[in-house]
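Here's what TrEMBL has on this protein:
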type: BINDING; residues: ALA12, ASP13, ILE14, GLY15, GLY16, THR17; note: ATP binding site
Amino acid sequence: MSLAGEASLLVADIGGTNARFALAASRNGRIEVSPPIIFQTADYASLELALSRFLEEAGRPLIGGVAACAAGPVQGTGAAAHIAMTNCPWDVTAATLTRVTDIKHPRLMNDFAALALSIPALTGPDLHAVGPARDAVAGAPVGILGAGTGLGVSTLVFDGGRDIVVAGEGGHVDLAASNVREAAVLAHLQSIYGHVSVERVLSGPGLVALYTALAALSGEEATPAPSPVEVAARARAGTCVLAEEAVRLFCGWLGAVAGDLALTVGARGGIYIGGGIVPGWLAAGPGLFDEALFRARFEAKGRFDAYLSDIPVFVIRRADAALLGLARAARAPL
């Protein structure tokens, strides 16, 4: 994808199971991203091989910029930048991107940093408002979080027209209970894991952990444990009380954690929810994501209830939002 005589931007979103590659270009002031080509990481021994295959399938386009993201913190800087992924054998390095594309200064970032950079380019159809409409404060910080295989968290701030991402590992902060039932579930999880982070419950594996904890507290057997998809399906069908409660706990805890993030970073510019779980639940129709419960727990912060009640929350519907954010990064000056 490019305009006549214009180089394309190469973007790559690398996950533990799948890697998504696409081309992007600027048209009429807007960035357009091509439909991604998806490779299973298990089918390729390295990022270099997968990236080379993508370029071959794309017809060896002229590349003017490169940006890639993966789950995990970026270590090192410049040509030494790399991301060590725990669930993928690939070496995700800036050096590899340069070697394959001949771009001297590729961008390498955390996946939720890429998602954060997409926020200013998202439009109405890309978003679903949670609760009544509220106006974001222009120029105020924005918080981003999302549950999938893990829980990603990042912050977007603005300085003189520049979009600045503050990436972190907020999924690993301590989980807190707000009522007796949550306290019982948390105590059970602590007996298994010791330290219980918010990611232990707000993720695909976390949904299963909630289900099995509730089963144990009820004196029921949960073996074999269902998959996250099975827990959600049982809850949607209304055929399993444990699954329904697991989903409710998930929605409530996600709201509480999102509220904590909003307070921590002063996210009067809004909270945006990405990841695979909540957008997927919304896309499948009503019945899983309890927006009223989420919003109630989001705002339930005692003396700061009113502060949080003014903050808008959106679910990101656009599936290629991270690729859009990468394209914005790839074309930005260093």
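Cβ atoms here come from the backbone N, Cα and C positions, even for glycine.
Every protein chain shown contributes to the tally, and the Cβ of ASP13 (ATP binding site) ends up with 25 other Cβ atoms within 10 Å.
In the three-state DSSP scheme, GLY16 (ATP binding site) is classed as coil. Same-chain residues with CB within 8 A of the center of the ALA12, ASP13, ILE14, GLY15, GLY16, THR17 CB atoms, the ATP site residues themselves not counted, are ASN18, ALA19, ARG20, THR41, ALA70, ALA71, CYS88, ASP111. The Cβ of GLY15 (ATP binding site) lies under 8 Å from the Cβ of THR41, ALA70, ALA71, CYS88, ASP111, THR149, each of these being in the same chain and 6 or more residues away along the sequence.
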